[in-house]
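Going by Swiss-Prot, these are the annotated features:
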type	residues	note
ACT_SITE	D81	active site, 4-aspartylphosphate intermediate
BINDING	D340, D344	Mg(2+) binding site
TOPO_DOM	17-26	topological domain 'Extracellular'
TOPO_DOM	49-395	topological domain 'Cytoplasmic'
TOPO_DOM	418-422	topological domain 'Extracellular'
TOPO_DOM	446-461	topological domain 'Cytoplasmic'
TOPO_DOM	483-507	topological domain 'Extracellular'
TOPO_DOM	529-540	topological domain 'Cytoplasmic'
TOPO_DOM	562-570	topological domain 'Extracellular'
TOPO_DOM	592-704	topological domain 'Cytoplasmic'
TRANSMEM	1-16	transmembrane segment
TRANSMEM	27-48	transmembrane segment
TRANSMEM	396-417	transmembrane segment
TRANSMEM	423-445	transmembrane segment
TRANSMEM	462-482	transmembrane segment
TRANSMEM	508-528	transmembrane segment
TRANSMEM	541-561	transmembrane segment
TRANSMEM	571-591	transmembrane segment
Amino acid sequence: CSIAVGMIIEIIVMYPIQHRKYRPGIDNLLVLLIGGIPIAMPTVLSVTMAIGSHRLAQQGAITKRMTAIEEMAGMDVLCSDKTGTLTLNKLTVDKNLVEVFAKGVDADTVVLMAARASRTENQDAIDTAIVGMLADPKEARAGIREIHFLPFNPTDKRTALTYLDGEGKMHRVSKGAPEQILNLAHNKSDIERRVHTVIDKFAERGLRSLGVAYQEVPEGRKESSGGPWQFIGLLPLFDPPRHDSAETIRRALNLGVNVKMITGDQLAIGKETGRRLGMGTNMYPSSALLGQTKDESIASLPIDELIEKADGFAGVFPEHKYEIVKRLQARKHICGMTGDGVNDAPALKKADIGIAVDDATDAARSASDIVLTEPGLSVIISAVLTSRAIFQRMKNYTIYAVSITIRIVLGFMLLALIWKFDFPPFMVLIIAILNDGTIMTISKDRVKPSPLPDSWKLAEIFTTGVVLGGYLAMMTVIFFWAAYETQFFPRVFGVSTLQRTATDDFRKLASAIYLQVSTISQALIFVTRSRSWSFVERPGLLLVVALIVAQLVATLIAVYASWSFAAIEGIGWGWAGVIWLYNLVFYFPLDIIKFLIRYALSGRAWDLVLEQRIAFTRKKDFGKEQRELQWAHAQRTLHGLQVPDIKLFSEATNFNELNQLAEEAKRRAEIARQRELHTLKGHVESVVKLKGLDIETIQQSYTV
């Protein structure tokens, strides 16, 4: 748009008003067209994303859709599975806690029956844990002949084995979700209450329950329904949290990403896992998503607000995941969703960033945007940081490209209209080639990822670009005026004059303007790539080398080149030194202008710059971390991970309000203290479970 406006103004002024010749007018229009269009933008952005995608793949996150990198940089909510992502998915069973429900059956028999209902090859985590409890895995099929095995499926939620014993009698065993196994039992009404009591007891300790049932098949055919099912026992399954999950969740909160646990397990298990991981226990059953909860404390809350504030949901089915994503997106959140099953595909497709976890099904991988090759939450958070670094490079270049477009269009338009200076189009082409070749290296530049979710803030990008570009254009206009209209440079530095003459052909002046525009334009990238002073944040080596080479070439051209076809003549090393000094002096205000723009857009421009003098503070990065982590601090406070330390009241606050605030602060402090204690206790219990020790004995021996 700016290029079109500049060309229209030039056409109107040069031909009807100034009556310029046809050819010089076309040359001036070409200068705006060649120099103003950011020709390298598609290449730079594509190469940056391609290199970033390769980097993500090295970290264990394969990107299927390039634009997912931008969306992951802006992700502020991550809905994560519990099993395998937050936990190890390496189950253990405590035989001492096995509950027996049938007469004449002991815990060893329950384990054996569960092992018979398990695969001996291509095992999942549950099968591995159950069969691993036997002294010899071969015992699972010892003395029997397998007739038919029913694998697990999301509908039945159980496995079953039909087999013949040594006497030729047919039997059938099944293991799976307790509710499904309980529905098979002939005496369901008699044992239902006790079964639920045991399940709740296990859940309060973070243990999942696995039901086991047995029946005889007197007909001797695998298709027959068989005799009555006997519910013989419940096995407790412990899935320990990953050693890095708690720290990863804290990192996510500090990065402005709110992690929500989405699990199909019971609510008590979800809360216990959340307590151990320090991610909060503000979790709700899936019925709350449909407004069917019996909890009066949340019945009045809108479902959208409930989902936004919850730490997680339990008892979730795939259709619930889709609903969660849809409602979070309606609240203007950039939402990521993890999944592994066929039924997760709709939610993965709906999410802004669908993430197929390690060992996901082909359907889940197909519907996702990113496929993980490593388990755990840490690989996702690492991918978020890498995505933000990639996005920061693209954002830096975009601001640079806008600035250069404005400075070329405005600067050369003013020179052409005020002094009728016809800059050679060929030299603009040289500037574009050198600048674009240098800027290609930004795809591997060293940058600091944004500490908060980032996105394309067009107001910031265009405002910064227009102001910086306008400043650079004025630099060029002032330099031209000083060199062409005055004797300032010859008088101060002793160089030859470029002042207006009767036979002026602008050849040396064109070389001087070329060097001035080329050097300061390339130096601008150091301003746009940094959040603080440009000379504080160290750039990548490749960018520095490319800049030095390009500037050396530009300087040699300006000093020695006398090209009649380009209408330039060498200006010598004296003028080259003057131009470098001029650009260096006017370079430093660029950082100050950048700070002023940033503070103006934040809505707190003048009080920060003039009163608090943030731009001139001695704090590292000008207090950047303190300001940008305020949002993350608020999120951690909401989760009870720390006590708020901001000033909660003004001088006009009355005593009643002070008392209320004091009580609230006391309550939050107690919540934070209890959460830390629970988290520590959870770590201890996890270690005890993994070591196979007696938890009751250990609890008597340690205190928190």
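Glycine residues also receive a Cβ, built from the backbone N, Cα and C atoms like all the rest.
Recorded features from Swiss-Prot, shown on the structure.
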| residue | record | Cβ within 10 Å |
| --- | --- | --- |
| D81 | active site, 4-aspartylphosphate intermediate | 24 |
| D340 | Mg(2+) binding site | 23 |
| D344 | Mg(2+) binding site | 27 |
Overall pLDDT of the topological domain 'Cytoplasmic' (529-540), taken as the mean: 82
Contact between the transmembrane segment (571-591) and the transmembrane segment (423-445) (at least 3 Cβ pairs under 8 Å, separation 6+): no
Close approaches to the transmembrane segment (423-445) from elsewhere in its chain (Cβ under 8 angstroms; 6 or more beyond its ends): 27-28, 30-31, 34-35, 39-40, 43-44, 47-48, 51-52, 393, 396-397, 400, 404, 408, 412, 415-416, 510, 513-514, 517-518, 521-522, 525, 529, 539-540, 542-543, 545-547, 550, 553-554, 557, 563, 565-568
Long-range Cβ neighbours of the topological domain 'Cytoplasmic' (446-461) (under 8 Å; 6 or more residues past either end): 70, 73-76, 254-257, 334, 385-386, 388-389, 391-393, 395-396, 398-399, 402, 529, 531, 537-540, 597-598, 601, 625, 628-629, 631-632
Whole-number Å value for how far D344 (Mg(2+) binding site) lies from the residue listed as 'active site, 4-aspartylphosphate intermediate' (Cα to Cα): 11
Reduced DSSP assignment, D340 (Mg(2+) binding site): coil
Contact set, same chain, for the topological domain 'Extracellular' (562-570): CB under 8 Å, 6 or more residues outside the stretch: 424, 426-427, 505-508, 510-511, 514
Three-state composition of the topological domain 'Cytoplasmic' (529-540), taking helix and strand from DSSP: 0 helix, 0 strand, 12 coil
For the topological domain 'Extracellular' (418-422), the number of residues DSSP places in helix, strand and coil: 1 helix, 0 strand, 4 coil
